[in-house]
Amino acid sequence: MDTFPKAEARARALRQELAHHNHRYYVLDAPEISDAQYDTLMRELQALEEKYPQLATPDSPTQRVGGAAVEDFGQVVHSAQMLSLANIFDDEGLTEFDDRVRKLTGLTQVGYVCEPKLDGLAISLRFEDGRFVQGATRGDGTTGEDVTSNLRTIKSLPLELFPQDGVKVPKRLEVRGEVFIRKEDFRKLNEKREEQGESLFANPRNAAAGSLRQLDPKETAARPLSVYLYECGPSDGLPAFKTHTEKLEYLKTLGLPVNHSQPALGADGIRQRYDESLKGRHALPFEVDGMVVKVDDEDLRRRLGQVSKSPRWAVAYKFPPEEESTLVQDIGIQVGRTGALTPVAHLKPVKVGGVMVSRATLHNEDELRRKDVRRGDTVFVRRAGDVIPEIVTVVLSKRPEDSQPFTFPTHCPVCGAVAAKDEDGAIIRCTGASCPAQLVEKVRHFASRTAMDIEGLGDKLATQLVTSGQVKTFADLFALTKESLLKLERMGEKSAENLLASIAASKQTTQRRFLFSLGIRHVGDSTARALAEAFPQVKALFTASLEDISRVKDVGPVMAQVIHTFFQEPQNQATIQSLLDAGVEPAPPAVSTGGPFVGKTVVLTGTMVGMAREQAKEEVERRGGKVSGSVSRKTDFVVAGEDAGSKLKKAEELGVRILDEQAFLQMLEGNARA
Ligand SMILES: NC(=O)c1ccc[n+]([C@@H]2O[C@H](COP(=O)([O-])OP(=O)(O)OC[C@H]3O[C@@H](n4cnc5c(N)ncnc54)[C@H](O)[C@@H]3O)[C@@H](O)[C@H]2O)c1
Ligand SMILES: [Zn+2]
């Protein structure tokens, strides 16, 4: 049970806590907790003050607007107070609001307007004789900060009013609205800050506030801010508006950027608008944290008046939060199907965007390092729409003193093989050929047509074999039995027999196919061929040095490193050994010790009908010949296709032996082992 002394102590603690968060939010633009968490604290204090009215002090955060104006800026005393809005969070709150309005006005149905609640910061602008003369932040509602020079840098804000035909420029106009930053601009701004090693903004609202409240207007000019206006303050020379809608129309005729506003009749009309705007929330180019509901009729507004810090005629109907702060309990490494090691933050579970979130990906090592997320950190987590949750920023002010940067593992946490960086430098991958985390993908590749060519072993079967535990390494494929295969779902006798036959047939393979099937990163078919030629025996690669491998045709330094690491890995050596033990016989490429091309220099000219130039070259080289680009006395044969020109002529002059396509093919076939 609540007792008064306990409630009093709690209220004092809450006030202190809220004051701290107000300072971080309004003055420093660097909150430590999410808006939803702040709202929860606020509601707890409000409930206590309602229960024990003697606890409500005039300086309680429940009674006051925003935070104090920072003195570094000039101060502006508002000609009429700038208020906050009361919040509602659910349908019950909406019904209460509408009931109260109807009771106070005596109406059975009230006309409202609904507007996006822009998530930025409130400002007040003054135009005199059509010229923009002063702009201020809300501050504590009574006194704001003079940010005139900064506001001048906002491109969408006219510095001079240009009314449409027939509309008179008011003598003095005060307008109120919201400065905000578009999502796209926010993303770019944070990217730029990241590049420059500056701290990131937790969300667009803090980015907008931080950008507008710069002491140097040049800084503000570099930040892409926008502004929408939604209210008039005390002015001189304005028409008398009957409704809010009329007022907004008028502001538009003056050339001012005005917030969207839509009519809604009664609570049901509001409900419909709320559903629509909740659905349309992500399609908007700017962040909204709710919908503002306002009584449309200006006269009714005057009758309803205000309570301590908010008008009675309006309310902010908040959306479910998409951003929360929480604790990083641990950072783990996930190994994906392609072997990529992905850091994942394990979070203290928190509800974001309507679902419980306990994990957030950190994408890769670079991202982790850039954001410098550590165990024990408090972070802001976002989940907008269906997007996967992500960590936006770390709350540095809450980082534990003994915190250590996360060190990325050098070995795969699943199988223990060395983890190596991709050539593009972003992704770190496990190099283990039998790493269970990557096995499905690897088995599928192993069996594919250009690899071991095991017919019938596609993605689906590979998944079944791996998840059923029948295949833990490639070699297990050769130990499969009909009996074990029949245990798999939807596997019939016939398909099992066919599969076993095609597995058995695959044992007679070539060194090229075998090397390709191992799934070494970057080793495609042609690299496999070059490797096979240089290393006809696979086990020679276990002891090959990096230099040996670099000498292979078309193998660059990055690839050489990958290949070297692969064959050094004991796990991979074991896999290869067990494949050989299972009876796989990779035939070395045919090395020609005899035949018409050994040691001969060949020149190819003209167009051949049955074979591309590249292929003809390979065929000659495979038979121990050399292909040269020009004809000389050292040339042994010239192969002349159709339309052969000067090279053919030269060969004739020099008396070099000339082959037409037909003769060339016959010579190839005479020594035609692939
Ligand atoms: N995370 C934190 O630490 C922390 C600290 C303090 C405040 N806050 C957040 O700020 C809120 C309180 O701030 P507040 O007093 O500015 O109230 P508010 O932001 O909930 O609502 C009032 C404000 O809404 C804005 N607004 C946007 N669109 C509008 C429209 N179409 N018509 C009228 N006004 C519109 C105006 O700036 C107005 O001042 C809290 O509920 C919380 O969400 C968070
Ligand atoms: Zn692994």
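Note that Cβ sites are derived from N, Cα and C of the backbone, with glycine treated the same way.
On a predicted model such as this, the values are computed, not experimentally measured, just so you know.
Copied from TrEMBL, the annotated features are:
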ACT_SITE  LYS117  active site, N6-AMP-lysine intermediate
BINDING   ASP35, ALA36, GLN37, TYR38, ASP39, SER84, LEU85, GLU115, ARG138, GLU178, LYS294, LYS318  NAD(+) binding site
BINDING   CYS412, CYS415, CYS435  Zn(2+) binding site
DOMAIN    592-674  domain 'BRCT'
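Of all the binding-site residues in the list GLN37, ASP39, ARG138, LYS294, the shortest Cα-Cα distance to CYS435 (Zn(2+) binding site) is found for GLN37. DSSP assignment over the domain 'BRCT' (592-674) gives 28 helix, 17 strand, 38 coil. A separation of roughly 47 Å, to the nearest angstrom, links the Cα atoms of CYS412 (Zn(2+) binding site) and the residue listed as 'active site, N6-AMP-lysine intermediate'. Among the recorded positions ASP35, GLN37, LEU85, LYS117, no residue is identified whose Cβ is positioned under 6 Å from ligand 2. Under 8 Å, Cβ to Cβ, and six or more positions away along its own chain, ARG138 (NAD(+) binding site) finds VAL65, GLY66, MET82, LEU121, ALA122, ILE123, SER124, GLY144.
The separation of LYS117 (active site, N6-AMP-lysine intermediate) from LEU85 (NAD(+) binding site), Cα to Cα, is 11 Å. Ligand 1 lies within reach of ASP35, ASP39, LEU85, LYS117 from the recorded positions ASP35, GLN37, ASP39, LEU85, LYS117, judged by a C-beta closer than 6 angstroms to any of its atoms. In the three-state DSSP assignment, the secondary structure recorded for CYS412 (Zn(2+) binding site) is coil. Looking only at Cα atoms, CYS415 (Zn(2+) binding site) sits nearest to GLN37 among the recorded positions GLN37, ASP39, LYS117, LYS294. On the backbone, the CA of LYS294 (NAD(+) binding site) and the CA of LYS117 (active site, N6-AMP-lysine intermediate) stand 11 Å apart.
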